[in-house]
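Taken from Swiss-Prot as is:
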| type | residues | note |
| --- | --- | --- |
| ACT_SITE | GLU106 | active site |
| BINDING | ASP10, ASP105 | Mg(2+) binding site |
| DOMAIN | 6-187 | domain 'UmuC' |
| SITE | PHE15 | site 'Substrate discrimination' |
Amino acid sequence: MYMRKIIHIDMDAFFASIEQRDRPELRKKPLIVGGLPRGRGVVATCCYEARRYGIHSAMSANRAYKLCPHAVFVKPRMVLYKEVSLQIMAIFREYTKKVEPLSLDEAFLDVTEYLQINGSATLLAREICALIKLRTDLSASAGVSYNKFLAKIASDLKKPGGISTVPPEEARQFIDRLSIGKFYGVGKITKSKMQSLGIQTGKDLRQYSKDFLMKRFGKAGSFFFYNARGLDERPVCPYQNRKSIGKETTLVQDTNRPEEIRDILINLSSLLGKALENNSQLAQTLTLKIRYSDFTTTTRSLSLQKPFSCPADIEECLPSLLTNCNLTHKPIRLLGISLSKLTYIGSAPRPIPLPFPKDRRSNCLNRFFAIKEESP
């Protein structure tokens, strides 16, 4: 039987570890990377010292401060994190072309061909983690198994800096003991539904038929059925076609001031234009998202006949989307823009990349908001 060798490598507290690496005075202190506690920010990540206080990613910075008042808060340095991530991904590709990044700090590696017949994936994972430490001075954990499902779960077992292996002959016993909340795709709601059926572990899950699970959980039920039996045929995909990209920002203070709204939209357009350029992509549909101070949310979408790629094109679409939005009646809390119907350059007609000057880029929004531009 053909058996794959899959490694899942996950950096340990990636953002926080970079900050502690670069600033030795932050080591062994409860460090939180993200928003500041007096604002509306959230925790992007935190070091293991901070996790002992119950702090975790996506928690509000204010809540994190209450749990640990002496924690050190630092703002993210995303440009640096992306640079380090590229360095780590390059290390992975020294061993295999089959690398599937899941985020800046984790990836799947299919090392089946590299190891050929008798090579040890566990020893290789140890070698890769050691090389990451040597070149970046950062710690990584790894999970090794014959499919993605088990490799990803295994990588979390001995954090930080550990390596866990689930060989085929031990998979069933491993899954039997596995808490249902550890299964891929099982969030709080699904976990609650499963527990109401008496499903607490992988062993419990395996007692149910595929048809039953699909009736209760839709298409995900089929995935749960096979995972409970240690089966996951998903390949490691080096290039994933993203269906959309988006950027949004939560304002420090609610506002309906035209100048602030304009500046935020221009910034979001620039970020998305850069993302399209970096990914060699074009977009054809733009969606604007507005969340007001009362948490009501409005979205407006526009599809163009020809794909676009530059910030000026994005900005010129916005006035028609803003026309039907209530921008003055109540303050705005959040603004976001997303792009969809993405195609890669070469598979679609490419627009002519004109060097649009900055004044043209902002004129369309200025006219919409009736803002009088300052004379030079």
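Keep in mind that glycine also has a Cβ here, set from the backbone N, Cα and C atoms.
Note that the coordinates shown come from a computational prediction; the quantities given were computed from them, not determined experimentally.
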- Query: To which of the recorded positions ASP105, GLU106 does the lowest count of other Cβ atoms within 10 Å belong?
  - Reply: GLU106
- Message: If you average per-residue pLDDT over the domain 'UmuC' (6-187), what number do you get?
- Response: 92
